[in-house]
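S.K.: The structure that follows is given in the form of structure tokens.
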Amino acid sequence: MTHSELSVLCKSCKINPVALTRFPPLACGDSETGKSANHLITSLLSSASGYSNYRGILNWCVVMLVLSNARLFLENIIKYGILVDPIQVVSLFLKDPYSWPAACLIIGLILHLFNLTSLLIFPSASVLTVTSITPVGGVLSLGTYTVLFLKLYSYMDSNKWCREIRQAKAKRMTRSYSCKYINMYYFIFAPTLCYQLNFPRSPRIRKRFLIRRLFEMLFLMQLLVGLIQQWMVPSVQNSMKPFQEMDFSRMVERLLKLAVPNHLIWLIFFYWFFHSSLNFVAELLQFGDREFYRDWWNSETVTYFWANWNIPVHKWCLRHFYKPMLRKGVNKFLAQTAVFLASAFFHEYLVSVPLKMFRLWAFMGMMAQVPLALFVSRFLNGNYGNAAVWISLIIGQPIAVLMYVHDYYVIHYGSTT
């Protein structure tokens, strides 16, 4: 190598020409990391590299997601115009007010929960009162009755357990001093479904925390209503004709188009209910157990998701349904299947009764989680399992929505539009 060629090489590598002449094997290595050219260096995107800092790629995914949703939303506005109408929502809730459940019935149910006979008449009472109610009012009313039923069952079962062990343990389980005489009524309004003699209590009510949660509740509620009116309703209406004509290509296209707003609305609703609303109620009542959800977004199996996205219901099922079955000798798989079966019943119950039709779409959707859970746990793991959980959430819910809306319009209007 000539002196001129050596000078050009040294300038490009930014090294000392003297070092190159004395130590040629080491000088052309990585001057920044100190690695020699004789060492094996793995590409960063290879699994063997051990590299895990993909923050830039994650940010890119977020930006692409935002831009994609912004394009879809802008396309919706250009095509349909502004459809958000708060007055329409108010008129929907005020429509036929005489068909709503009587206030005295709700108050009576709360005040007479101590009467064990109400456990027998409670399910039938809830059905009778919602059969003549509009679908929106029916969902809200039936949901309230179901929550009260679960609380009542927990109260009964917990007191039965205390009576059975009163000689050994119940004497040491004293009631909370803050709720000494109104423990049952405190439980009715507390954001939990599991009764106990002592509830964890926070030392004080944080006013700033309360105001933030209240602001989130009001803002997100308006956002949810606006997204449903502007994005969901037109997509569902445009999906009726492909379903009527059984045009599978257009059905899949409409399903994928509905998946984006449906999933976004579901995520907002999750934050509104499980974080903002339940924390607001808990702060008012100084309720200390704020574990309403865990990191379900990291779920690598279907069972992990269902056990962590709704902690109050999961704890109730675990305490009053799953563990009693295990104590009776039922194996874990059958017990888990029974929990899914009960959950499927309540999902169908909360949808079919207010809509006044029996289609089993919600029931079959929940029961389909059992084989899906087996498949994911056996063949997928890590990021692949997490991706499978997300796909089931994004695609599964729009299918159920379209099925119910299609059948509702066929039954009540004779033909789809």
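Just so you know, glycine gets a Cβ as well, placed from its N, Cα and C.
Take a look at what TrEMBL says about it:
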- His347: active site (ACT_SITE)
- 57-74: transmembrane segment (TRANSMEM)
- 102-122: transmembrane segment (TRANSMEM)
- 128-150: transmembrane segment (TRANSMEM)
- 214-233: transmembrane segment (TRANSMEM)
- 264-285: transmembrane segment (TRANSMEM)
- 333-352: transmembrane segment (TRANSMEM)
- 358-380: transmembrane segment (TRANSMEM)
- 387-405: transmembrane segment (TRANSMEM)
S.K.: So what's near the transmembrane segment (264-285) in sequence-distant terms, Cβ-Cβ under 8 Å and 6+ beyond its ends?
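M.R.: Beyond its ends, the transmembrane segment (264-285) has Cβ neighbours at 69, 186, 189-191, 202, 205-206, 209-210, 213-214, 216-217, 220-221, 223-224, 227-228, 231-232, 292-293, 309-310, 393, 397.
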S.K.: What is the Cβ neighbour count of the residue listed as 'active site' at a 10 Å cut-off, with all protein chains included?
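M.R.: A count of 17.
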S.K.: Short question: which residues 6 or more past the ends of the transmembrane segment (358-380) have a Cβ under 8 Å from it?
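M.R.: Contacts with the transmembrane segment (358-380): 300-303, 306, 336-337, 340-341, 343-345, 347-348, 350-352, 388-389, 392, 396, 399-400, 403-404, 407.
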